[in-house]
Amino acid sequence: MPNHPPTDGSWRHQLGTPSFPLEPDRYHLYVGLFCPFAHRVIIARELKGLQKLLPMSIVKPYPKDNGGWRFPATDDEYPGSTIDHLFHSKFLHEVYFKSDADYKGKYSVPVLWDKKTNQIVNNESEDIMRMLNHTFDDYLPEGDERRKLDTYPPESRGKIDEVNSWMMPNLNTGVYKAGFLDTQEDYEKNCRIVFETLDRLEQMAAESSTSFILGTTQPTETDIKLYTTLVRFDTIYQQHFKLMVRSIRHGYPKLNRWLKNMYWNVPGVKDTTDFKHIKENYSKSHGDINPKAITPLGPEPEVEPWTEGGRG
């Protein structure tokens, strides 16, 4: 059946509907380890234990040319990337065209794919995160603690939505606004917004009574969305996007401790974080920012070690 996205290029269908019922071995994810928005979905999949229920194909972090993101010819070509397990495509755009031969939008990740009807279900990271939150719970073993994990709990939804309303434009996408602008004035304006937002989040981390940003006992969407930006901040955003006012590790002690807890102590999060993919994507894909495509060394370590107690 025809499956054309809206004019913005986003498919927004939902699992568990008549068109996309829940069935084992029906759905597949396309992701890139470098992309902070795809990374959200990868973390959600990991936290919920859906690795076998929802397999992934992983594009290479570079090169990105007019054809868009590429798959390796073999799983060994670029460690961490995989072939297209469904179609053995060379480019991600081939997957998009299988869903809509007339598609003219961006070939972005993540993509949630329906193998039965050969079409895209959804390519919006927040939608996919929320679908993974509970949609597949009945397929998890009885007694599996991951059934209880709720990253969008009813009692916290108002706060999650409120924080997202300013964190997304001012930080998650704000780093790109600052990094890709063409004038000094516009860059400085958006750079300040990024650091004002980090200041606000530092205060939230200081006021939290738990290890998570909203004071919850489990990680929420807000933690996941913040993590995929902050784990890239010192490693690549700071120098690549000229966000040099402060680093996370030296300028934001509470956020730095929160980041270390997410990386070292939340099961699976560290395993989803590939700094080689992250650093080589940005340094080798943005010729206008980094024309020689040299990938910088450091920082060392990428995330500081976790220590118990009030410091570290």
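The first residue you see is number 1, and the count goes up from there.
Here the Cβ of each residue, glycine as well, is placed from N, Cα and C on the backbone.
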Given 145-168, 217-240, 289-312, which one carries TrEMBL's region 'Disordered' label? 289-312
I'd like to know which of the binding-site residues S108, S125 has the most other Cβ atoms within 10 Å of its Cβ. S125
Distance from V109 (glutathione binding site) back to C35 (active site, nucleophile), taken between C-alpha atoms, in Å: 8
Using a Cβ cut-off under 8 Å and a sequence separation of 6 or more, which residues in the same chain sit near E124 (glutathione binding site)? S10, W11, R12
Neighbouring C-beta atoms (10 Å sphere around the C-beta of Y282 (site 'Lowers pKa of active site Cys')): 24
